[in-house]
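Participant: Annotations for this protein, taken from TrEMBL, read as follows:
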type	residues	note
DOMAIN	68-157	domain 'Fibronectin type-III'
DOMAIN	241-325	domain 'Fibronectin type-III'
Amino acid sequence: MVGIVFSWDKAVPGYQGGALKHISAPDRDRTVFYTVSSLTAGTRYTFTFFSVSGDVRSSGEQLTAVTAPLNAEGLTKLREDETSITLQWNKVNNDTSFVLQFNGRETFISSPDGDGPVTYTVSSLTAGTRYTFTLFSVFENVRSSGVSITTVTAPKNTDSFRQSEQNETSITLQWNKVNSNTSFVVQFNGRETFISAPDGDGPVTHTVSSLTVGARYLFTLFSVFENVRSRGVTIVAATVPPNARNFTPSELDETSITLQWNNINYYVNFVLQFNGTETFISAPYGNGPVTHTVSSLTARTRYTFTLFSVSENVRSSGVNITAVT
């Protein structure tokens, strides 16, 4: 009866290790299977097979094969934007390259020089979309079992973010919905408010209350998909400013009237309306009263003037006086 002697060692120059295993001849003609265990991942081995009859061996046949490499550790998303995702993982060794698989495509990534982590950016993706990536370590065309990560691209910013209504203590914001899977975060004054994606196709509205009269606010709106935010879009909006106080004529003659009122602050301007015309008056520096002279008037004529306070194009309710030349 002919048996088999099976030996193997690492196919590495100068390696002096190795092992020897005797395999008894099977009872009948059939294929012999034998598993060599306790090997090192990602390693090339040379196996030599000898047929043995008594104490006599054949000349032997050799086979070189490799074990699968270890999976890469630390696969994570490093960053993302609307159209790309950058992945990062730990290098295995200098002999192990990688294959990244997603959406039915495979990308070969060579093992980089150095000891730092490996980074790879997948581009031309769709905004606000979930992707599953599978990373295989590869050693001599043999792949590891693979490790997977599911992550998303950033959603698009919403368009048409605007101030739709306001009064003295509240501002209503409005913007267009992105899709049914995208929610929002409104950020202002160091606070954040989460707003779920509404049903239907109409615009989204959100009212911010308990604000200060005539104050300017900076609002930033983020679209959110699976906890990933868009870049954000920002607007400046204001509550309705207070009417100017002590609006009165201070001087007059036959063809002009000088009006006077108290200044409000450095960013509240004014619009003076009379006879179907409007005049824009910038807020002056300092705390003194504001004066404005209306000329080219008709003698002995009554005029009605309306004064509006204006902040970020938002007007107060207006205050009226009547004066005559």
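Quick reminder: no glycine exception, Cβ is built from N, Cα and C everywhere.
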Participant: With helix taken as DSSP H, G or I, strand as E or B and everything else coil, how many residues of the domain 'Fibronectin type-III' (68-157) land in each class?
Facilitator: 0 helix, 44 strand, 46 coil
Participant: Please list, for the domain 'Fibronectin type-III' (241-325), how many residues fall into helix, strand and coil according to DSSP.
Facilitator: 0 helix, 44 strand, 41 coil
